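Remarks on the structure that follows.
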Amino acid sequence: TSLSSSSRPHSLTPLASSHGKPRNPPSPTLLNEFVNFCYQRDLPKAMNAMAAMERNGIYADSITYSELIKCCLARNAVEQGKLVHKHVFSNGYQPKTFLINILISMYVKFKLLDEAHALFDQMPERNVVSWTTMISAYANAKLSDKALEFFVLMLREGVLPNMFTFSSVLRACNGLFNVRQLHCGMIKLGLESDVFVRSALIDVYSKLDELKDAICVFNEMETKDLVVWNSIIGGLAQNNDGDEALDQFKRMKRAGFTADQATLTSVLRACTGLALLEVGRQVHVHVLKFDVDLILNNALLDMYCKSGSLEDAKSVFERMVHKDVISWSTMIAGLAQNGFSQEALKLFDLMKASGIKPNYITILGVLFACSHAGLVDDGLYYFRSMKRLYGIDPGREHYGCIIDLLGRAGKVDEAVRLVQEMECEPDAVTWRTLLGACRVHHNVDLAIYAAKQVLKLDPEDAGTYVLLSNIYANSQRWEDVSEIRRQMREKGITKEPGCSWIEVNKQIHAFIVGDTAHPKINEINRRLNQLIHKLMGIGYVPDTNFVLQDLEGEQRDDSLWYHSEKLAIVFGLMSLSSGSVIRIRKNLRICGDCHTFAKLVAKMECRVIVIRDPIRYHHFQNGVCSCGDYW
């Protein structure tokens, strides 16, 4: 709904505008008892006293009724709240706008929006609080069009919005056009410098992925408080700009602000996205101040799992006094993604025994564990029973895990049947999963079909073009190879270069294939060459199946030698002490040759190497990988 669009005004049925008078003079004893019961939060006695007052036409002041309404809310006493509403309008009595606003707020908190709206429509006079309460209610209920409609009607009635109105209506904005209109309105009213308004603006710009606007709003503030700092750090972290989020966190600390739970949750999210284990450990020190905070502990748990530090994750999980379904699901998924599938399934059994009911994400972690350990029977059992046992309908991600499981196990025909049986339409990810299975098991015709389905849904997917080209090349279909490469050139599609990151002394070092930019690249290349020759002496042979097919002979071997993860591994060997784990993050799935290389290096150098790619984590130690070579 555009803020400038016309909208038919509500038909209103005003109540009598004159305040009714009590029929009898107030009884001091009855009225005093009622007041005392309200402030003592004695709901049954207060309700009895109120009934007696109504019979005698006696009414208390608005503040006392507001205390009674608070008591109803605290006890979730909906029927008693409705009786208070009925009482204050009985015998022709007309409550003040202040009290009607409190009643509207009561209905909103009881999630009775129809009742709130009906009472709002009956008000003879509405002030900014009345309108803001309704706008906030609809925004919180995700009824964005209704919230924006009320904002327009408010302006038409000549009621000026305040900082709380703008904060509420901004939450209802799903499009940039409406946000810009509201932003202009705030400036006209001189409210743009208000902390709550600024914070809401930063939040909504971040939600719409307009980080430049969010940062601009933030930088325009002369004085900043913790709420605004949290908004910008949280917005950056949510939009995967972890580096900038951490920079703002450092600026916040230099400005003299102390981080709270919201700050630390966002900072941990930034560390998780960047796989910055050492920075995450520093944040952990601050988290200890809020040790019983469940949300914060869940964020910490997620950070350690996604940084590949399972020992730290297990320590946090075991120490948590309170665990919810998110805690259990995070730990199950973390174990599964790091290659510890049997542990993940055991933990799932413990979760059920503890009385926590699994949710959509829990089952996804369980199926992921089965998929990446080749547990076909277990995976199919959990998949087929999830609706019956837990009331969870299989989603596209669940189907994807089982298709992956069947494909990895060589049951490609069963995987195809499952794709055809999906209740939801297969997306590009589903077809890529099937394509990967076809590549591994050399099912050329089905691979070509799956690749074409991917490109229908995602025409810019460079990886699928390259994979399809290589499938054609392996089948000696050179004309098809030329056609694929021609399409890529015409569409300007290029394969994303492999990039690997490693953290050394709190600094991130990035490498791409054939890197020449790193200041120590010459020494890295020299050490890498020495290491490869040493490995070749014990039987290592570069596997050129993982190189683009338009490279020939030694050129293909050389391309493999300088893959980004190999450069990062060697830099880790050079820079980290012998007892340190070498942790690497990679933007593309690790190739088979680099996987073999990492296993051999881990054994020869007596090191633990952890590589996180977009699919999972690989823990290399003593010549083996936690994935069991099944990835």
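Placed from the backbone N, Cα and C atoms, the Cβ positions cover glycine too.
Here is what TrEMBL says about this protein:
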- 1-15: compositional bias 'Low complexity' (COMPBIAS)
- 1-25: region 'Disordered' (REGION)
- 61-95: repeat 'PPR' (REPEAT)
- 127-161: repeat 'PPR' (REPEAT)
- 225-259: repeat 'PPR' (REPEAT)
- 293-323: repeat 'PPR' (REPEAT)
- 324-358: repeat 'PPR' (REPEAT)
- 461-495: repeat 'PPR' (REPEAT)
- 539-631: domain 'DYW' (DOMAIN)
Residue distribution over DSSP helix, strand and coil in the repeat 'PPR' (61-95): 27 helix, 0 strand, 8 coil
For the repeat 'PPR' (225-259), distant same-chain residues with Cβ under 8 A (at least six beyond the ends): 195-196, 198-199, 202-203, 205-207, 209, 211, 214-215, 218, 265-267, 269-271, 273-274, 276, 279, 286
Model confidence over the repeat 'PPR' (293-323), averaged pLDDT: 93
